[in-house]
Amino acid sequence: MNPQAKLIFTISLMLGTTITISSHHWVVAWAGLEINTLAILPLISKSHHPRAIEAATKYFLTQSAASALLLFSSMTNAWHTGQWDITQMTHPMSSLILTSAIAMKLGLVPFHFWYPEVLQGSPLTTGLLLSTIMKLPPITLLFMTSPSLNPTLLTTMAILSAALGGWMGLNQTQIRKILAFSSISHLGWMAIILVYNPKLTLLNFYLYALMTAAVFLTLNSMKVLKLTTLMTAWTKTPSLNAMLLLTLLSLAGLPPLTGFLPKWLIIQELTKQDMAPAATIISLLSLLSLFFYLRLAYCTTITLPPHTTNHMKQWHISKSTNMLIAILTTMSITLLPMAPMILIII
């Protein structure tokens with residue numbers, strides 16, 4: 001892709017995100033979401049492969065439908081209450097339609113079918129954008145409207161997302177699809193706590209984005225797309241593979257690592273809100289995700305291929321991403337002891 005074109009699309013992406021997260025009026029927020037959608041489409045379809053074109057078409061159709069629903073819910077709310085302010089979403093039917101629209105934008109169950117297909121058809125760098133930056137504006141809208149959302153609906157969608165995200169990721173061999181189902185599972189954790197403590201949803205999203213960025217950039221530097229390729233990648237970059245193992249375990253939420261922090265706080269908050277059964281169910285469902293993270297980790301460092309290659313070890317990857325991967329991986333592994341400071345900030 002032309003560097004100037006890529007620069008324009010990247011700036012448009014940042015502009016759309018900034019407009020949505022800083023807006024108070026529904027129409028302005030909707031316009032920001034539309035700019036975002038139009039900016040990411042060329043980045044999805046830049047390889048001109050039929051699968052990439054298919055992914056871009058699916059993404060465009062689902063996002064258009066979600067945007068139309070979002071505009072409809074805000075118009076219905078304005079019709080009943082006379083308010084276009086995002087925080088004044090008080091009409092119950094409008095809140096239900098809004099929840100459906102944002103669930104469709106995020107890929108929450110039962111509106112998740114487009115997400116693994118789109119991620120599979122996109123390059124790894126675009127997949128990183130779809131998994132992190134593109135989820136920020138819808139989550140911000142949920143954060144601002146959280147007092148008026150339906151807790152029963154969100155809890156049901158969250159538990160279904162954690163279940164399906166874990167269940168459907170079990171038999172995948174394509175790494176991008178595994179990361180897509182991982183994202184759906186993490187969205188369940190974000191949605192279940194949204195009504196009770198919205199700041200924990202944002203904390204969970206920030207840490208998830210941090211760990212996912214580390215995984216995507218590492219896989220991109222190793223040029224790995226399938227489990228079979230991952231099994232032989234350790235011969236090229238052994239140190240990077242060892243760090244990828246720890247980052248994957250952190251993404252799974254194992255205790256000494258950063259990923260354990262949001263799960264711990266969410267389970268604690270759910271117990272305080274007398275939702276111990278929901279906390280138990282979603283904790284058990286996270287074991288499904290843990291299985292495919294462990295399988296990825298096993299393929300990364302523990303499995304030895306039958307014939308090791310005899311070429312020189314590639315200790316240096318491209319210098320532009322080298323420092324970024326080092327910073328993100330370190331933060332993905334070691335932030336748990338800083339939990340009190342993080343909690344003070346939020």
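Glycine too: its Cβ is placed from the backbone N, Cα and C atoms.
Annotated features in TrEMBL:
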- 23-288: domain 'NADH:quinone oxidoreductase/Mrp antiporter transmembrane' (DOMAIN)
- 56-75: transmembrane segment (TRANSMEM)
- 95-115: transmembrane segment (TRANSMEM)
- 152-171: transmembrane segment (TRANSMEM)
- 178-196: transmembrane segment (TRANSMEM)
- 202-219: transmembrane segment (TRANSMEM)
- 240-261: transmembrane segment (TRANSMEM)
- 281-304: transmembrane segment (TRANSMEM)
- 290-343: domain 'NADH dehydrogenase subunit 2 C-terminal' (DOMAIN)
- 324-345: transmembrane segment (TRANSMEM)
(request) Counting only CB pairs under 8 A, let me know which of 56-75, 95-115, 202-219, 240-261, 324-345 has the most with the transmembrane segment (281-304). (result) 240-261
(request) Using a Cβ-Cβ cut-off of under 8 Å, list the residues of the same chain that are 6+ residues beyond the ends of the transmembrane segment (95-115) and lie near it. (result) 33, 58-59, 61-63, 65-67, 69-70, 72-74, 76, 89, 135, 138-139, 141-142, 145, 148-150, 153-154, 157-158, 160-161, 163-165, 180, 183-184, 187-188, 191
(message) Are there residues at least six beyond either end of the transmembrane segment (152-171) with Cβ under 8 Å to its Cβ atoms? List them, or say none.
(response) 96, 99, 103, 108-110, 112, 116, 177-178, 181-192, 194-195, 275, 278, 281-282, 285-289, 291-292
(message) As a test: from 56-75, 202-219, 324-345, pick the stretch that has the greatest number of Cβ pairs under 8 Å with the transmembrane segment (240-261).
(response) 324-345
